(Lines of atoms letter the chains of each structure in order from A and count residues from 1; the text may use other names and numbers.)
(Lines give C-alpha, C1' and ligand atoms only; values in the text may rest on other atoms or scores of the structure.)
Protein backbone atom coordinates (compact mmCIF):
# COMPACT_ATOMS: atom_id res chain seq x y z
CA UNK A 1 0.00 0.00 0.00
CA UNK A 2 2.87 2.37 0.78
CA UNK A 3 4.39 1.56 -2.61
CA UNK A 4 1.03 2.28 -4.24
CA UNK A 5 0.68 5.64 -2.48
CA UNK A 6 4.26 6.62 -3.35
CA UNK A 7 3.74 5.55 -6.95
CA UNK A 8 0.54 7.54 -7.32
CA UNK A 9 2.25 10.49 -5.65
CA UNK A 10 5.16 10.41 -8.11
CA UNK A 11 2.88 10.10 -11.13
CA UNK A 12 0.78 12.96 -9.79
CA UNK A 13 3.91 15.08 -9.38
CA UNK A 14 4.83 14.48 -13.02
CA UNK A 15 1.32 15.49 -14.07
CA UNK A 16 1.51 18.66 -11.97
CA UNK A 17 4.95 19.75 -13.18
CA UNK A 18 3.55 22.05 -15.94
CA UNK A 19 2.11 24.27 -13.21
CA UNK A 20 4.34 27.02 -11.84
CA UNK A 21 6.44 26.33 -8.77
CA UNK A 22 4.15 28.16 -6.32
CA UNK A 23 1.15 26.28 -7.62
CA UNK A 24 3.08 23.05 -7.41
CA UNK A 25 4.01 23.70 -3.77
CA UNK A 26 0.35 24.22 -2.87
CA UNK A 27 -0.70 21.20 -4.89
CA UNK A 28 1.97 18.98 -3.32
CA UNK A 29 1.02 19.90 0.26
CA UNK A 30 -2.69 19.30 -0.31
CA UNK A 31 -2.28 16.08 -2.29
CA UNK A 32 0.43 14.49 -0.15
CA UNK A 33 -1.57 15.21 3.02
CA UNK A 34 -4.51 13.31 1.54
CA UNK A 35 -2.31 10.22 1.09
CA UNK A 36 -0.40 10.01 4.36
CA UNK A 37 -2.94 8.83 6.96
CA UNK A 38 -2.87 5.28 5.66
CA UNK A 39 -2.71 2.83 8.55
CA UNK A 40 -3.75 5.28 11.28
CA UNK A 41 -7.03 3.44 11.82
CA UNK A 42 -5.24 0.34 13.17
CA UNK A 43 -1.94 1.94 14.26
CA UNK A 44 -0.02 0.43 11.34
CA UNK A 45 1.02 3.65 9.61
CA UNK A 46 4.65 3.46 8.37
CA UNK A 47 7.11 5.79 10.08
CA UNK A 48 8.02 7.50 6.80
CA UNK A 49 4.40 8.38 6.12
CA UNK A 50 3.86 9.55 9.70
CA UNK A 51 6.92 11.79 9.44
CA UNK A 52 5.61 13.30 6.23
CA UNK A 53 2.29 14.19 7.85
CA UNK A 54 4.21 16.02 10.60
CA UNK A 55 6.40 17.93 8.15
CA UNK A 56 3.71 19.16 5.75
CA UNK A 57 2.08 21.68 8.16
CA UNK A 58 5.48 23.28 8.79
CA UNK A 59 6.13 23.40 5.04
CA UNK A 60 2.78 25.12 4.42
CA UNK A 61 3.41 27.75 7.11
CA UNK A 62 7.00 28.35 6.00
CA UNK A 63 5.98 28.76 2.37
CA UNK A 64 3.19 31.21 3.24
CA UNK A 65 5.61 33.26 5.37
CA UNK A 66 8.22 33.28 2.60
CA UNK A 67 5.65 34.60 0.12
CA UNK A 68 4.51 37.24 2.60
CA UNK A 69 8.01 38.42 3.45
CA UNK A 70 8.92 38.61 -0.24
CA UNK A 71 5.85 40.73 -0.95
CA UNK A 72 4.27 38.14 -3.25
CA UNK A 73 1.52 37.32 -0.80
CA UNK A 74 -0.71 40.26 0.06
CA UNK A 75 -3.14 39.71 2.92
CA UNK A 76 -6.07 41.62 1.44
CA UNK A 77 -8.20 40.80 4.44
CA UNK A 78 -6.60 41.49 7.81
CA UNK A 79 -9.04 39.16 9.52
CA UNK A 80 -6.98 36.23 8.25
CA UNK A 81 -3.92 37.46 10.11
CA UNK A 82 -6.10 38.27 13.14
CA UNK A 83 -7.42 34.71 13.13
CA UNK A 84 -3.89 33.33 13.25
CA UNK A 85 -3.01 35.63 16.15
CA UNK A 86 -6.20 34.54 17.94
CA UNK A 87 -5.24 30.85 17.67
CA UNK A 88 -1.77 31.58 19.07
CA UNK A 89 -3.12 33.71 21.94
CA UNK A 90 -5.52 30.95 23.00
CA UNK A 91 -2.57 28.58 22.97
CA UNK A 92 -1.22 30.68 25.84
CA UNK A 93 -4.54 30.19 27.67
CA UNK A 94 -4.04 26.43 27.36
CA UNK A 95 -0.44 26.69 28.57
CA UNK A 96 -1.55 28.65 31.64
CA UNK A 97 -4.18 26.02 32.48
CA UNK A 98 -2.29 22.82 31.67
CA UNK A 99 1.35 23.71 31.07
CA UNK A 100 3.30 23.37 27.83
CA UNK A 101 2.22 20.16 26.13
CA UNK A 102 3.16 18.76 22.69
CA UNK A 103 -0.49 18.07 21.84
CA UNK A 104 -1.33 21.77 22.21
CA UNK A 105 1.66 22.87 20.13
CA UNK A 106 0.80 20.36 17.41
CA UNK A 107 -2.78 21.59 17.22
CA UNK A 108 -1.71 25.23 16.93
CA UNK A 109 0.72 24.39 14.12
CA UNK A 110 -1.97 22.36 12.36
CA UNK A 111 -4.57 25.15 12.53
CA UNK A 112 -2.05 27.75 11.35
CA UNK A 113 -1.12 25.49 8.44
CA UNK A 114 -4.77 25.41 7.31
CA UNK A 115 -4.78 29.22 7.26
CA UNK A 116 -1.46 29.11 5.40
CA UNK A 117 -2.92 26.85 2.71
CA UNK A 118 -5.82 29.27 2.26
CA UNK A 119 -3.48 32.27 2.04
CA UNK A 120 -1.17 30.60 -0.49
CA UNK A 121 -4.18 29.55 -2.58
CA UNK A 122 -5.45 33.14 -2.82
CA UNK A 123 -2.03 34.11 -4.12
CA UNK A 124 -1.71 31.13 -6.48
CA UNK A 125 -5.01 31.87 -8.22
CA UNK A 126 -3.36 34.68 -10.18
CA UNK A 127 -0.95 32.28 -11.88
CA UNK A 128 -3.55 29.89 -13.25
CA UNK A 129 -4.93 29.79 -16.76
CA UNK A 130 -7.19 26.78 -16.10
CA UNK A 131 -8.11 27.17 -12.48
CA UNK A 132 -10.98 24.66 -12.57
CA UNK A 133 -8.69 21.92 -13.91
CA UNK A 134 -6.19 22.70 -11.16
CA UNK A 135 -8.90 22.53 -8.49
CA UNK A 136 -10.07 19.13 -9.76
CA UNK A 137 -6.48 17.83 -9.85
CA UNK A 138 -6.18 18.34 -6.08
CA UNK A 139 -8.53 15.39 -5.51
CA UNK A 140 -7.63 12.95 -8.31
CA UNK A 141 -4.63 11.21 -6.63
CA UNK A 142 -6.55 10.36 -3.42
CA UNK A 143 -9.57 9.29 -5.48
CA UNK A 144 -7.37 7.05 -7.66
CA UNK A 145 -5.86 5.34 -4.61
CA UNK A 146 -9.32 4.99 -3.03
CA UNK A 147 -10.67 3.24 -6.13
CA UNK A 148 -7.74 0.80 -6.07
CA UNK A 149 -8.36 0.21 -2.36
CA UNK A 150 -12.01 -0.66 -3.02
CA UNK A 151 -11.27 -2.93 -5.99
CA UNK A 152 -8.38 -4.83 -4.37
CA UNK A 153 -9.68 -4.74 -0.77
CA UNK A 154 -6.27 -3.65 0.50
CA UNK A 155 -5.48 -4.10 4.22
CA UNK A 156 -5.58 -1.32 6.85
CA UNK A 157 -8.27 0.55 4.89
CA UNK A 158 -11.54 -0.74 6.39
CA UNK A 159 -13.00 -0.50 9.89
CA UNK A 160 -16.44 -1.89 10.80
CA UNK A 161 -17.18 -2.42 7.08
CA UNK A 162 -16.52 1.27 6.42
CA UNK A 163 -13.72 2.39 4.10
CA UNK A 164 -11.01 4.71 5.41
CA UNK A 165 -8.86 4.63 2.24
CA UNK A 166 -5.76 6.72 3.01
CA UNK A 167 -7.42 8.62 5.85
CA UNK A 168 -7.43 8.27 9.62
CA UNK A 169 -11.14 7.44 10.00
CA UNK A 170 -14.14 6.73 7.76
CA UNK A 171 -15.59 10.11 8.74
CA UNK A 172 -12.34 11.84 7.75
CA UNK A 173 -12.54 10.16 4.35
CA UNK A 174 -16.20 11.10 4.14
CA UNK A 175 -15.59 14.79 4.78
CA UNK A 176 -12.75 14.83 2.23
CA UNK A 177 -14.74 13.21 -0.57
CA UNK A 178 -17.72 15.38 0.30
CA UNK A 179 -15.55 18.41 -0.48
CA UNK A 180 -14.37 16.69 -3.68
CA UNK A 181 -17.97 15.99 -4.72
CA UNK A 182 -19.06 19.61 -4.22
CA UNK A 183 -16.03 21.01 -6.02
CA UNK A 184 -16.58 18.73 -9.01
CA UNK A 185 -20.33 19.41 -8.99
CA UNK A 186 -19.80 23.17 -8.87
CA UNK A 187 -17.39 23.07 -11.79
CA UNK A 188 -19.75 20.78 -13.72
CA UNK A 189 -22.60 23.25 -13.20
CA UNK A 190 -20.45 26.06 -14.57
CA UNK A 191 -19.57 23.91 -17.60
CA UNK A 192 -15.85 24.65 -17.27
CA UNK A 193 -14.54 21.08 -17.28
CA UNK A 194 -16.14 17.93 -18.82
CA UNK A 195 -13.95 15.85 -16.49
CA UNK A 196 -15.76 17.24 -13.46
CA UNK A 197 -18.97 15.24 -14.00
CA UNK A 198 -17.13 11.93 -13.77
CA UNK A 199 -15.14 13.12 -10.75
CA UNK A 200 -18.36 14.17 -9.00
CA UNK A 201 -19.92 10.72 -9.49
CA UNK A 202 -16.76 8.91 -8.33
CA UNK A 203 -16.42 11.19 -5.30
CA UNK A 204 -20.06 10.53 -4.35
CA UNK A 205 -19.52 6.76 -4.56
CA UNK A 206 -16.36 6.99 -2.46
CA UNK A 207 -18.16 9.19 0.06
CA UNK A 208 -21.06 6.75 0.32
CA UNK A 209 -18.68 3.82 0.90
CA UNK A 210 -17.42 5.53 4.06
CA UNK A 211 -20.98 5.38 5.46
CA UNK A 212 -20.43 8.80 7.00
CA UNK A 213 -24.02 9.91 7.56
CA UNK A 214 -23.15 13.46 8.57
CA UNK A 215 -21.04 13.96 5.45
CA UNK A 216 -23.75 12.49 3.20
CA UNK A 217 -26.39 14.81 4.65
CA UNK A 218 -24.04 17.78 4.53
CA UNK A 219 -23.09 17.00 0.92
CA UNK A 220 -26.77 16.99 -0.06
CA UNK A 221 -27.30 20.35 1.67
CA UNK A 222 -24.11 21.74 0.12
CA UNK A 223 -25.29 20.62 -3.32
CA UNK A 224 -28.63 22.35 -2.78
CA UNK A 225 -26.74 25.50 -1.76
CA UNK A 226 -24.66 25.31 -4.96
CA UNK A 227 -27.75 24.90 -7.13
CA UNK A 228 -29.62 27.67 -5.33
CA UNK A 229 -26.98 30.35 -5.84
CA UNK A 230 -25.93 29.37 -9.37
CA UNK A 231 -26.84 32.23 -11.75
CA UNK A 232 -26.23 30.02 -14.81
CA UNK A 233 -29.13 27.62 -14.25
CA UNK A 234 -32.85 28.16 -14.65
CA UNK A 235 -35.34 26.92 -12.07
CA UNK A 236 -36.40 23.88 -14.11
CA UNK A 237 -32.78 22.88 -14.70
CA UNK A 238 -32.04 23.13 -10.97
CA UNK A 239 -35.04 20.90 -10.17
CA UNK A 240 -33.91 18.32 -12.75
CA UNK A 241 -30.36 18.20 -11.40
CA UNK A 242 -31.64 17.97 -7.83
CA UNK A 243 -34.05 15.16 -8.73
CA UNK A 244 -31.51 13.00 -10.55
CA UNK A 245 -28.89 13.78 -7.92
CA UNK A 246 -31.26 12.55 -5.22
CA UNK A 247 -31.85 9.31 -7.14
CA UNK A 248 -28.09 8.83 -7.51
CA UNK A 249 -27.50 9.32 -3.78
CA UNK A 250 -30.34 6.94 -2.89
CA UNK A 251 -29.02 4.30 -5.30
CA UNK A 252 -25.49 4.61 -3.92
CA UNK A 253 -26.76 4.28 -0.34
CA UNK A 254 -28.76 1.15 -1.19
CA UNK A 255 -26.10 -0.53 -3.33
CA UNK A 256 -23.35 0.02 -0.76
CA UNK A 257 -25.64 -1.11 2.11
CA UNK A 258 -25.30 2.05 4.17
CA UNK A 259 -28.65 1.38 5.86
CA UNK A 260 -26.88 -0.64 8.57
CA UNK A 261 -25.03 2.51 9.52
CA UNK A 262 -28.31 4.20 10.43
CA UNK A 263 -28.95 1.49 13.01
CA UNK A 264 -25.46 1.92 14.42
CA UNK A 265 -25.89 5.68 14.63
CA UNK A 266 -29.18 5.24 16.49
CA UNK A 267 -27.68 2.77 18.97
CA UNK A 268 -28.31 3.45 22.65
CA UNK A 269 -24.94 2.20 23.97
CA UNK A 270 -23.58 5.44 25.42
CA UNK A 271 -20.40 4.12 26.97
CA UNK A 272 -19.15 1.76 24.30
CA UNK A 273 -20.04 3.16 20.89
CA UNK A 274 -18.57 6.57 19.94
CA UNK A 275 -20.33 6.30 16.56
CA UNK A 276 -23.80 6.37 18.14
CA UNK A 277 -25.75 9.58 18.45
CA UNK A 278 -26.53 8.86 22.12
CA UNK A 279 -22.80 8.72 22.87
CA UNK A 280 -22.35 12.09 21.21
CA UNK A 281 -25.20 13.67 23.15
CA UNK A 282 -23.70 12.48 26.41
CA UNK A 283 -20.25 13.67 25.35
CA UNK A 284 -21.59 17.13 24.49
CA UNK A 285 -23.38 17.36 27.84
CA UNK A 286 -20.22 16.51 29.76
CA UNK A 287 -18.13 18.92 27.68
CA UNK A 288 -20.56 21.75 28.32
CA UNK A 289 -20.34 20.98 32.04
CA UNK A 290 -16.57 21.38 31.72
CA UNK A 291 -16.99 24.66 29.82
CA UNK A 292 -19.00 26.13 32.71
CA UNK A 293 -15.77 26.18 34.72
CA UNK A 294 -14.25 28.70 32.29
CA UNK A 295 -17.10 30.32 30.40
CA UNK A 296 -15.46 33.45 29.01
CA UNK A 297 -12.02 32.34 27.83
CA UNK A 298 -12.44 28.59 27.61
CA UNK A 299 -9.50 26.27 28.18
CA UNK A 300 -7.40 27.13 25.14
CA UNK A 301 -6.51 25.83 21.68
CA UNK A 302 -6.31 22.06 21.31
CA UNK A 303 -7.43 21.14 24.81
CA UNK A 304 -10.36 18.95 23.68
CA UNK A 305 -8.01 16.70 21.69
CA UNK A 306 -6.32 14.91 24.56
CA UNK A 307 -6.90 16.83 27.81
CA UNK A 308 -10.62 17.53 28.10
CA UNK A 309 -12.41 14.47 26.70
CA UNK A 310 -14.73 13.05 29.37
CA UNK A 311 -15.71 9.94 27.39
CA UNK A 312 -12.26 9.35 25.97
CA UNK A 313 -13.01 10.67 22.49
CA UNK A 314 -13.05 13.96 20.56
CA UNK A 315 -16.05 16.33 20.76
CA UNK A 316 -17.78 15.28 17.51
CA UNK A 317 -19.15 18.82 17.29
CA UNK A 318 -17.10 21.79 16.11
CA UNK A 319 -19.31 24.31 17.90
CA UNK A 320 -19.07 22.54 21.26
CA UNK A 321 -15.34 22.15 20.67
CA UNK A 322 -14.88 25.88 20.05
CA UNK A 323 -17.06 26.76 23.04
CA UNK A 324 -14.90 24.65 25.36
CA UNK A 325 -11.58 25.74 23.85
CA UNK A 326 -12.27 29.43 23.17
CA UNK A 327 -15.13 30.26 25.52
CA UNK A 328 -17.89 32.77 24.87
CA UNK A 329 -15.42 35.20 23.30
CA UNK A 330 -14.26 32.62 20.80
CA UNK A 331 -17.63 31.20 19.87
CA UNK A 332 -19.07 34.69 19.25
CA UNK A 333 -16.08 35.67 17.10
CA UNK A 334 -16.36 32.39 15.22
CA UNK A 335 -20.09 32.87 14.57
CA UNK A 336 -19.58 36.42 13.31
CA UNK A 337 -16.60 35.43 11.16
CA UNK A 338 -18.39 32.44 9.67
CA UNK A 339 -21.46 34.56 8.87
CA UNK A 340 -19.31 37.21 7.16
CA UNK A 341 -17.45 34.54 5.23
CA UNK A 342 -20.75 33.01 4.08
CA UNK A 343 -22.02 36.44 3.04
CA UNK A 344 -18.87 37.09 1.02
CA UNK A 345 -19.00 33.69 -0.65
CA UNK A 346 -22.70 34.20 -1.45
CA UNK A 347 -21.89 37.51 -3.17
CA UNK A 348 -19.15 35.77 -5.10
CA UNK A 349 -21.45 32.92 -6.16
CA UNK A 350 -24.20 35.29 -7.31
CA UNK A 351 -21.70 37.36 -9.31
CA UNK A 352 -21.11 34.39 -11.62
CA UNK A 353 -17.69 35.79 -12.53
CA UNK A 354 -14.81 33.33 -12.62
CA UNK A 355 -14.59 29.57 -12.98
CA UNK A 356 -14.90 28.83 -9.25
CA UNK A 357 -17.38 31.54 -8.29
CA UNK A 358 -19.97 29.23 -6.73
CA UNK A 359 -17.69 26.76 -4.99
CA UNK A 360 -16.82 28.61 -1.81
CA UNK A 361 -20.45 29.03 -0.74
CA UNK A 362 -21.30 25.36 -1.21
CA UNK A 363 -18.13 24.16 0.52
CA UNK A 364 -18.59 26.53 3.49
CA UNK A 365 -22.21 25.45 3.95
CA UNK A 366 -21.07 21.83 3.76
CA UNK A 367 -18.37 22.30 6.40
CA UNK A 368 -20.80 24.13 8.68
CA UNK A 369 -23.28 21.25 8.55
CA UNK A 370 -20.55 18.61 8.98
CA UNK A 371 -19.44 20.42 12.12
CA UNK A 372 -22.78 19.76 13.82
CA UNK A 373 -21.94 16.11 14.50
CA UNK A 374 -18.34 15.61 13.45
CA UNK A 375 -14.73 16.54 14.13
CA UNK A 376 -14.52 18.44 10.86
CA UNK A 377 -11.76 20.88 11.79
CA UNK A 378 -9.66 17.95 13.01
CA UNK A 379 -9.61 16.25 9.61
CA UNK A 380 -6.47 17.89 8.25
CA UNK A 381 -6.54 16.48 4.71
CA UNK A 382 -10.13 17.59 4.17
CA UNK A 383 -9.46 21.02 5.67
CA UNK A 384 -6.40 21.50 3.45
CA UNK A 385 -8.44 20.62 0.37
CA UNK A 386 -11.32 22.90 1.41
CA UNK A 387 -8.96 25.76 2.31
CA UNK A 388 -7.19 25.45 -1.04
CA UNK A 389 -10.39 25.46 -3.10
CA UNK A 390 -12.02 28.30 -1.16
CA UNK A 391 -8.75 30.23 -1.31
CA UNK A 392 -8.55 29.77 -5.08
CA UNK A 393 -12.15 30.92 -5.39
CA UNK A 394 -11.58 34.08 -3.36
CA UNK A 395 -8.20 34.71 -4.98
CA UNK A 396 -9.80 34.57 -8.40
CA UNK A 397 -12.37 37.12 -7.23
CA UNK A 398 -9.74 39.46 -5.77
CA UNK A 399 -7.82 39.36 -9.04
CA UNK A 400 -11.05 40.20 -10.85
CA UNK A 401 -11.47 43.17 -8.49
CA UNK A 402 -8.01 44.39 -9.40
CA UNK A 403 -9.01 44.24 -13.06
CA UNK A 404 -12.33 45.94 -12.45
CA UNK A 405 -14.30 42.69 -12.50
CA UNK A 406 -15.66 41.30 -9.25
CA UNK A 407 -16.84 43.49 -6.34
CA UNK A 408 -14.64 43.51 -3.21
CA UNK A 409 -15.39 40.51 -1.03
CA UNK A 410 -14.96 39.91 2.68
CA UNK A 411 -15.54 42.09 5.75
CA UNK A 412 -15.33 45.80 4.92
CA UNK A 413 -15.16 49.05 6.83
CA UNK A 414 -17.50 52.00 6.39
CA UNK A 415 -15.49 53.22 3.38
CA UNK A 416 -15.72 49.88 1.61
CA UNK A 417 -12.11 48.88 2.15
CA UNK A 418 -11.21 45.33 3.04
CA UNK A 419 -10.43 44.76 6.69
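Even glycines carry a Cβ here, placed using N, Cα and C.
Curation plays no part in TrEMBL annotations; they are all automatic predictions.
Record features (TrEMBL):
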DOMAIN    199-335  domain 'O-antigen ligase-related'
TRANSMEM  6-35  transmembrane segment
TRANSMEM  47-67  transmembrane segment
TRANSMEM  79-96  transmembrane segment
TRANSMEM  108-128  transmembrane segment
TRANSMEM  134-152  transmembrane segment
TRANSMEM  173-191  transmembrane segment
TRANSMEM  197-229  transmembrane segment
TRANSMEM  241-259  transmembrane segment
TRANSMEM  318-341  transmembrane segment
TRANSMEM  353-375  transmembrane segment
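Listed stretches 47-67, 197-229, 318-341, 353-375 were compared with the transmembrane segment (79-96); the greatest number of C-beta pairs under 8 angstroms is found for 318-341. On the 0 to 100 pLDDT scale, the model's mean across the domain 'O-antigen ligase-related' (199-335) is 81. Taking Cβ pairs closer than 8 Å, the transmembrane segment (108-128) reaches residues 19-20, 22-23, 25-26, 29-30, 56-58, 60-61, 63-65, 67-68, 72-76, 80, 83-84, 87-88, 91, 134, 301-302, 377, 380, 383-384, 387-396, 398-399 in its own chain, all 6 or more past its ends. Ranked by number of Cβ pairs under 8 Å to the transmembrane segment (318-341), the listed stretches 134-152, 173-191, 197-229, 353-375 are led by 353-375.
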